[in-house]
Amino acid sequence: AWYVPCLASLETLQELCRKENLRCKSIGITNRNLKSYEVEYLCDYKVEEGKEYYLVKWKGWPESSNTWEPQKHLNCPMLLQNFLSDKNEYLSRVRESKGLKVRNHVKALRPAIADYVVKKAKQRIALQRWKEELNRKKNHKAMILVENTVDLEGPPLDFYYINEYKPAPGINVLTGITTGCECADCPAEKCCPKEAGFILAYNKRKKLKIQPGLPIYECNSYCRCGPDCPNRIVQKGTPYSLCIFRTNNGRGWGVKTLQKIKTNSFVMEYVGEVITSEEAERRGQLYDNQGNTYLFDLDYDSDEFTVDAARYGNVSHFVNHSCDPNLQVFNVFIDNLDLRLPRIALFSTRTIKAGEELTFDYQMKGSIDLTSDSADGLSPSKKRIRTVCKCGAVCCRGYLN
């Protein structure tokens, strides 16, 4: 589905709701503040006759309703702290960039400082709403956090969170599996992996024990085993709390783990819109011009389909590339045994510390991301624009593709 953004501003909607006495939680108008005032954020500061005043943006009220209030009237210590922190952050950046000595004690903020403080406040609110939306839509227990201490970038405007593949029109990702194992205690002789001709992918500690390139066959919805079956790992979703954060070296958003991850542990799935390879070729040209890389070839058995996570995806949409990654790609089959449509799972290649960024090698994707040697052999219409790699690894190849 395509979404059309509302053309009316937030202020216009707030004024309309208040005029018509309507509540709308999504734009901040509730029973609590319909007739009352609650501080949403602080916009400016001044000193008059020895008294400190703050310009207040009231929650659910348009900016035209902002008022100057003495500090003693404000019972919002966290918002005051955010205001002072944002102001000091701006002053520190001015000092560093221009080598100027900026006074901290002033009777009024310069317009540039006040503008920055307001933008940071609006960003903080937008990121908080985005975090809440992500956690409403996810289907796993672990939390998703959002953090930006680098710039004023807010949530992506054209990204929609999904938990599983979203097939493009005409593509069926469910083949209607109707059988499962009869094991009372997996794995038995006729458990799902052995029926497919492969070994169980996990050991007794539910850690991966197979080599890259081998498929994972998990028990499915028709199997007799219960949810605690040791062969049900990927289907349960990520068990780790993760944070989408803004990188400080020009790589945009990234993902870091908030918990320690042991070697050979399942971390997350790569999901997105399933499209044909022909459509992927067309979109690839566009993404290359934009400097984006979201196409993941499903080339386990053929190159008929591709996953495009540009507009639809989960946390994996924000995972950056590295030439020395800590995640490895594996093909997984659960309720769909169509070899053309494996699920893509990312497992840890080593122990990953809490707070460490998660990365995988984009060249694991297959033919969509071409090396320079193979690209030279293509017709001009299919040659790709090379994207410079910023992973910083010692073994960095210099380019993402």
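Including glycine, each Cβ sits where the backbone N, Cα and C put it.
From a predicted model like this one, the values you see are computed outputs, not experimental measurements.
Taken straight from TrEMBL:
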- CYS181, CYS192, CYS219, CYS223: Zn(2+) 2 binding site (BINDING)
- CYS181, CYS183, CYS186, CYS191: Zn(2+) 1 binding site (BINDING)
- CYS186, CYS219, CYS225, CYS229: Zn(2+) 3 binding site (BINDING)
- ARG251, GLY252, TRP253, ASN320, HIS321, TYR362, LYS390: S-adenosyl-L-methionine binding site (BINDING)
- CYS323, CYS389, CYS391, CYS396: Zn(2+) 4 binding site (BINDING)
- 37-95: domain 'Chromo' (DOMAIN)
- 179-237: domain 'Pre-SET' (DOMAIN)
- 385-401: domain 'Post-SET' (DOMAIN)
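Projection of TrEMBL feature records onto the structure.
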{"residue": "CYS186", "record": "Zn(2+) 1 binding site", "CB count, 10 Å": "22"}
{"residue": "CYS225", "record": "Zn(2+) 3 binding site", "CB count, 10 Å": "22"}
{"residue": "ARG251", "record": "S-adenosyl-L-methionine binding site", "CB count, 10 Å": "17"}
{"residue": "GLY252", "record": "S-adenosyl-L-methionine binding site", "CB count, 10 Å": "14"}
{"residue": "ASN320", "record": "S-adenosyl-L-methionine binding site", "CB count, 10 Å": "21"}
{"residue": "HIS321", "record": "S-adenosyl-L-methionine binding site", "CB count, 10 Å": "22"}
{"residue": "CYS323", "record": "Zn(2+) 4 binding site", "CB count, 10 Å": "19"}
{"residue": "TYR362", "record": "S-adenosyl-L-methionine binding site", "CB count, 10 Å": "23"}
{"residue": "LYS390", "record": "S-adenosyl-L-methionine binding site", "CB count, 10 Å": "15"}
{"residue": "CYS396", "record": "Zn(2+) 4 binding site", "CB count, 10 Å": "14"}
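Neighbour density for CYS391 (Zn(2+) 4 binding site): within 10 A of its CB lie 21 other CB atoms from the protein chains shown. DSSP labels the residues of the domain 'Pre-SET' (179-237) in these numbers: 7 helix, 4 strand, 48 coil.
Under DSSP, the residues of the domain 'Chromo' (37-95) split into helix, strand and coil as follows: 25 helix, 22 strand, 12 coil. Checking the binding-site residues (CYS181, TYR362, LYS390) against CYS225 (Zn(2+) 3 binding site) with a 10 Å Cα-Cα cut-off leaves CYS181. In this structure the C-alpha atoms belonging to TYR362 (S-adenosyl-L-methionine binding site) and CYS219 (Zn(2+) 2 binding site) are separated by 29 Å. Taken as a whole, the domain 'Post-SET' (385-401) shows an average pLDDT of 81 in this prediction.
Rounded to a whole value, the Cα-Cα separation of CYS323 (Zn(2+) 4 binding site) and CYS181 (Zn(2+) 2 binding site) is 39 Å. CYS229 (Zn(2+) 3 binding site) has its Cα within 10 Å of the Cα of these binding-site residues: CYS186, CYS219, taken from CYS181, CYS186, CYS219. Surrounding the centroid of the Cβ atoms of ARG251, GLY252, TRP253, ASN320, HIS321, TYR362, LYS390, where the record places S-adenosyl-L-methionine, the chain contributes additional residues within 8 Å, namely THR247, GLY254, VAL319, THR359, CYS391. Between the CA atoms of CYS186 (Zn(2+) 1 binding site) and CYS219 (Zn(2+) 2 binding site) there is a gap of 9 Å, rounded to the nearest whole number. When the binding-site residues CYS183, CYS191, CYS223, TRP253, ASN320, LYS390 are screened for a Cα within 10 A of the Cα of CYS396 (Zn(2+) 4 binding site), the ones that qualify are LYS390. The maximal spread of the S-adenosyl-L-methionine binding site, taken as the longest Cα to Cα distance among ARG251, GLY252, TRP253, ASN320, HIS321, TYR362, LYS390, is 16 Å. Counting Cβ atoms from all protein chains shown, CYS219 (Zn(2+) 2 binding site) has 26 others lying within 10 Å of its own Cβ. Among the binding-site residues listed (GLY252, HIS321, CYS389), HIS321 has its Cα nearest to the Cα of CYS219 (Zn(2+) 2 binding site).
Taking CA atoms as the reference points, CYS391 (Zn(2+) 4 binding site) and TRP253 (S-adenosyl-L-methionine binding site) are 13 Å apart.
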